[in-house]
Each structure stands twice: as structure tokens, then as C-alpha cells.
Amino acid sequence: MNTSAKRALIPLGIFLALAALLFYGLQLDPRKIPSPLVDKPAPEFSLPDLKDPNQTLTRDILIGQVSLVNVWASWCPSCRQEHAELMRIAREHGVRVIGFNWKDTRPEALAMLQRYGDPYTVSLYDPDNKAGIDWGVYGAPETFIVDAEGIIRHKRVGPIDAQVWAEEIQPIVARYQGGKP
């Protein structure tokens, strides 16, 4: 094969390599994006309480028991989809669920909780994504499992339903609560 024929194959080889990478990337599950925060202390924050703007909440609320920190917004259809499951988890499993209201307005967020119920022990209010950036939030819903020492143990991107709870979230929560998954 002469030199000009070899040169002509270079763009084809590059194209095939890029196509293979694209095909591989399309097969990955976007919900399984690893978080650099897993197994590290939850980021510091100082945010107002959604219901009581005069109360400031800090990372200290995460210390003492295992928590699900659920990033949500009233404008998020998937958040409304998972809301009933979060209510069930809080009621039936006694898991502390902390809301992280993200890029929302206070009136709309409060209206959603009034309409659908409030599964949250407390809700952080982050309308400007000040803390969301530190937590690596890029969409809602997202849920973090934080152990009693304030260490992030798992991040879930996307809504939680009964199957996700039973197969993914609950076993991790049980492990850090001292039970067996």
C-alpha cells in the first residue's frame, strides 16, 4: 500500500475510533455517574430553612443519624413523581429525609409541600445554587445518603421509586444504621 493510500485511511480510522467511543458512551447509565463526594464529609453550608427564613441551617443537621438528603424543586416533574415514595419512606421506615430545595421560589416550594405532603424533617432553601455547586448538584431530583458522622456514602441521580428504594437505597441506609442490608 502506498503512502497516499495510508494517509487516506487515517481520517477513516479516526472516525471509526470516535464512533466507537460515542457508541460506548451512549450505553452508560447517566444515573450511575460517580460523585467525587462519596466517602467524603458533606460540604459545609449555611442556608435558610425553607419554612422559617429566619432560621439558618448548617452541616451540623447531618450529624447524629443517617439521612437522605433529597434535592428537589416544585418545577421538577420527576420530583413530584418521587414525592409519594419519599412520604412512604419517611413514614414506614423512620428514615430522616432532609429536603434540599434547589433553584426554586419559596412560595412555589411551600405550595407543593402543602399540596402533596411534607416528607422532610427540615428543608434547606437554596434558590441561587450557592450550596448546590459545592454538593455537585446539576439536576433534580438527586439524593445523597449521609451517614451519622456526616460522610456522604452514596449519590443517586433521578427519582426514587419502590424498586430503587428496595434494591439500591435501603440496603445502604441499613448498613450505616447498623443493620444488615
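Placement of Cβ uses the backbone N, Cα and C atoms for every residue, glycine included.
Among the features that Swiss-Prot reports, topological domain 'Cytoplasmic' is placed at 1-6.
The transmembrane segment annotation in Swiss-Prot covers 7-26.
Predicted-model confidence for the topological domain 'Periplasmic' (27-181) is 93, expressed as mean pLDDT. Under the heading topological domain 'Periplasmic', Swiss-Prot lists 27-181.
If you look up Swiss-Prot, you'll see 36-178 marked as domain 'Thioredoxin'.
If you draw a 10 Å sphere around the CB of Cys76 (disulfide bond), it holds 20 other CB atoms from the protein chains shown. The disulfide bond annotation in Swiss-Prot covers Cys76-Cys79.
In the three-state DSSP scheme, Cys79 (disulfide bond) falls into the helix class. In the domain 'Thioredoxin' (36-178), the DSSP tally of helix, strand and coil residues is 54 helix, 38 strand, 51 coil.
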